[in-house]
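Could you have a look at this structure, given as structure tokens, before my questions?
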Amino acid sequence: MTLLILLRHGQSVWNQKNLFTGWVDIPLSQQGIQEAIAAGESIKHLPIDCIFTSTLVRSLITALLAMTNHSSQKVPYIVHEERPDMSRIHSQKEMEQMIPLFQSSALNERMYGELQGKNKQEVAAQFGEEQVKLWRRSYRIAPPQGESLFDTGQRTLPYFQERIFPLLQQGKNIFISAHGNSLRSLIMDLEKLSEEQVLSLELPTGQPIVYEWTGQKFTKHAPSLG
């Protein structure tokens, strides 16, 4: 059984303040910290061989917190791919106690452009709720100077196919800690959702989604699988 675990980061400070965040590098709120720890509890008995996060701190910290009580007791270490010598471990004994963690901006949240840092209710009052709904939930319409969900998938899906999927095919169990829209674009592909179906896909913060790769398709499971 080969597993793919997806987790939207815990609540961030700007989630709490109802602000558009996008690529702005905002940390977790106190609630988000607790969500990340609770998420870890729900997956702590699931095997994990590799971790992938975005380059944004809320994604990274969520993954690290989620792994603190993992039953394997293995320690995540960040692989600096631009300088692999920096993170090379020269002890086989220690290597066996570690889990590699890779970061990529391909997994970053969709970039919200001119909306970043603005209050969502205030933006709705300024531009109208229907326009903001199109920016936030439509598949191909992007906010000013930002990305649509389609645009986000144009970077997320190639990275998944080139870097992550081959590991799943090798039987490696993968944990991805990322963002609402980067994960929505990925789930759209995994579950073969239409452009209309993905519009209603909501991913709460800090709640894992578990898939099994059967060798031919992805099957969704409850996190309690472990």
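Please read every residue number as a count from 1 along the shown chain.
Cβ coordinates are placed from backbone N, Cα and C, and glycine is handled just like the others.
Taken from Swiss-Prot, the feature substrate binding site applies to 8-15, 21-22, ARG58, 109-112, LYS120, 136-137, 180-181. The feature active site, tele-phosphohistidine intermediate is assigned by Swiss-Prot to HIS9. Sequence annotations record features per position, and here Swiss-Prot assigns active site, proton donor/acceptor to GLU109. Per Swiss-Prot, site 'Transition state stabilizer' is recorded for HIS179, and the stated evidence type is sequence analysis.
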For a quick check of packing: other C-beta atoms within 10 Å of the C-beta of GLU109 (active site, proton donor/acceptor), how many?
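Its Cβ has 26 other Cβ atoms within 10 Å.
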Per residue, counting other C-beta atoms within 10 angstroms of the C-beta, which of the recorded positions HIS9, ARG110, LYS120 reaches the highest number?
HIS9
Could you check which of the recorded positions ARG8, HIS9, GLN11, GLY22, LYS120 is the closest Cα neighbour of GLU109 (active site, proton donor/acceptor)?
GLY22
Please give me the CB contact count at 10 A for GLY22 (substrate binding site), counting all chains in the structure.
23
Hey, what's the Cβ neighbour count for ARG8 (substrate binding site) at 10 Å?
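Around ARG8 (substrate binding site), other Cβ atoms within 10 Å: 28.
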Specify the secondary structure state of ARG8 (substrate binding site) as given by DSSP, simplified to three classes.
strand
Highest CB neighbour count within 10 A among the recorded positions GLN11, TRP14, HIS179, GLY180?
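Compared across GLN11, TRP14, HIS179, GLY180, the most Cβ atoms within 10 Å surround HIS179.
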Whole-number answer please: how many Å between the C-alpha atoms of LYS120 (substrate binding site) and HIS179 (site 'Transition state stabilizer')?
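On Cα coordinates alone, these residues lie 18 Å apart.
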To the nearest Å, how far is the Cα of TRP14 (substrate binding site) from the Cα of HIS179 (site 'Transition state stabilizer')?
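Spelling it out, the Cα of TRP14 (substrate binding site) and the Cα of HIS179 (site 'Transition state stabilizer') are 13 Å apart.
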